[in-house]
Amino acid sequence: MNFGFLDERFPSFKLARRNLTRTPLRSGLAALGIVIGVVAIASLGMFATSLQVNAEDVTSETNSQVSVNPGPAARDGRLSERDVQDVGRAVPGATVIPQKQIQVPVSAGRDNSLERASVVGVERPDAYLEASEGQVPASFQSGVLVDSLIAETLEVEVGERVEIDGRSTRVRAVVDGGGFSANLYVPIQTVEADGYSSVIVIPPETQTANETATTIRERLNVREERVQVPNPDLLSGLISGFFDILRGFLTAIGSISLIVAGVSILNVMLMSTIERRQEIGVLRAVGFQRRDILKILLSESMLLGVIGGLVGAVVSIVVSLGVNYYLVDDAMLTFHPRNLGVLVIAFVFGIVTSIGSGLYPAWKAANEQPVEALRS
Amino acid sequence: MTAIEVTNVTKEYQTGEETFLALKGIDFSLARGEFVSIMGPSGSGKSTFLNIIGLLDQPTTGSVSLDGQDVTELTDRRRTTVRKQTIGFIFQDFFLIPTLSAKENVELPAIYEIDETIRSRATMLLERVGLGNRLKHHPDQLSGGQKQRVAIARSLINSPRILLADEPTGNLDSETSEQVLDEFTRIARDENVAIIAVTHDPQVTEYTDRTIELRDGRLTS
């Protein structure tokens, strides 16, 4: 490799580079420490990003809907017909989907059953559900729509039969329910319950989900808290906060390996300066100032950091490609902007650790009296 | 003109409770162009004396002047600068940097200088000591005599007015020693450089203008 320009421009760099090649194995091992540290920080950070992006994808679907739930003032903890109408009046143009939810035993065939499954009675499932298999009916009079997670658990497909609370019914579609709940959807008239457990509101195009939630709260809760309408972005805020903590925690774990790498560099640099004590004495004798010695030795530790950091960053990208491919089925998630930040932080940490570890040996060597160093 | 003026210099070392007096009041002067050898048994204070003149160490009392300038009480930074500009060092063990080529070793004292002529000067100096065909060789590819000649070229790169040599022929056979000493004589004569060689080697005295004996921390001749 030709470093002509750099050598000429930065003589300390030249001397540092040559010194590191003197004991390539030792330098390589010291840099390897930094590689491991950087990979630990970057990979864990990037893994947290993958989980976060994945979770955000799920929540973004529910973000476009508003869920209206009974408030403390609701009778029997259910929403009344009047509540549903008032919600509709509060947000003209919105699609209002009342739901009746019950918890009942569900089974399919002899082997597969759930003691308590969430069964949701709904009038217009096509307004907010999408089928991955079969079709979501516009007019829902019979049969059942099964969330993909439930379909997997009960091992049922479209056309097969499911027994809900003792009544057998045919699966019309497997749906992506969105969000985190796994439900079975049945026609609302088949659910025997007074009032509604919740109302799903799909905002009109002129309003965001948050604005809709605020409007409903303001209009219905004038005198008492009839309904509870959480802001849809509340969940994603909580999730994002959780993942920030997770990423910080994982980065902290990764940092431990970088500290170990720092100790190894400290050791290597100390050994190297002790071995080269006479040589450093000669440099001082022929006119190198203390700061020149400091520059050379710090350049050495910085070079170890830069090499370790670069290799570490490349390895981290490869690891992240693999992890994302196998875990979330999207290798390109590696190049998410948030990961770029993680990589830069890991790289900078690597270099700062290296330079930090080189400080004491460099300071010690620079401050030695040349006559003492030459005598050794 | 006087290159080195040493007046009543003493040097004490503290070893535990005891104080050891390495130099006991030395007066010495050396003119430019003069080649002097300092002889004496081991432990007589030769190296200590050379280190004090070379600004690598400070005297306990007394004063040292180089080129008429008192350099006894300078800061480390200033001492280093004067050392670089005024003094060239040659060591018994050559002390070449193993990772640098012969030419890079010669350029080393001037590596931080922004001076375009340094490279050609390094080549010229190596040619002059007979190593024009060894510019890119590393120290491990050179013989002892060749290494010492690289060290001489290195000591001359900043055009010093004083050369200090500690056992310069200590690791050389007599034929190579002659070549090195010839070179010293030429440098003193042609370039008007003051040279002090500390040595055990009687051969050196045949080339010097005078020989001084250091015994128990005192000059005896």
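Cβ atoms are placed via backbone N, Cα and C, with glycine included.
In TrEMBL, annotation is done automatically, which means it is predicted and not curated.
Per TrEMBL, the feature domain 'MacB-like periplasmic core' maps to A:27-217.
Positions annotated as domain 'ABC3 transporter permease C-terminal' by TrEMBL: A:253-370. The average pLDDT computed for the domain 'ABC3 transporter permease C-terminal' (A:253-370) is 91.
Summarising the annotation, TrEMBL assigns region 'Disordered' to A:58-77.
The feature transmembrane segment is assigned by TrEMBL to A:27-48 (among others).
The feature transmembrane segment is assigned by TrEMBL to A:249-270 (among others). Sequence-distant contacts of the transmembrane segment (A:249-270), counting only residues of its own chain at least 6 positions beyond either end whose CB sits under 8 Å from a CB of the stretch, comprise 26-27, 29-30, 33-34, 36-38, 40-45, 47-48, 297, 300-301, 304-305, 308, 342, 345-346, 349-350, 353-354, 356-358, 360-362, 364.
Long-range contacts of the transmembrane segment (A:303-328) within the same chain: residues 13, 16-17, 20, 27, 30-39, 42-43, 46-47, 50-51, 53-54, 261, 265, 268, 334, 339, 343, 346-348, 350-355, 358, each at least 6 residues beyond the stretch ends and with a Cβ under 8 Å from a Cβ of the stretch. As annotated by TrEMBL, transmembrane segment applies to A:303-328 (among others).
Per TrEMBL, the feature transmembrane segment maps to A:340-360 (among others). Outside the transmembrane segment (A:340-360) by six or more residues, the chain places 34, 37-39, 41-42, 45-46, 49, 247, 251, 254-255, 258-259, 261-263, 265-266, 269-270, 297-298, 300-302, 304-306, 308-310, 312-313, 316-317 with a CB less than 8 A from a CB of the stretch.
Mapped onto DSSP helix, strand and coil, the domain 'ABC3 transporter permease C-terminal' (A:253-370) counts 106 helix, 0 strand, 12 coil.
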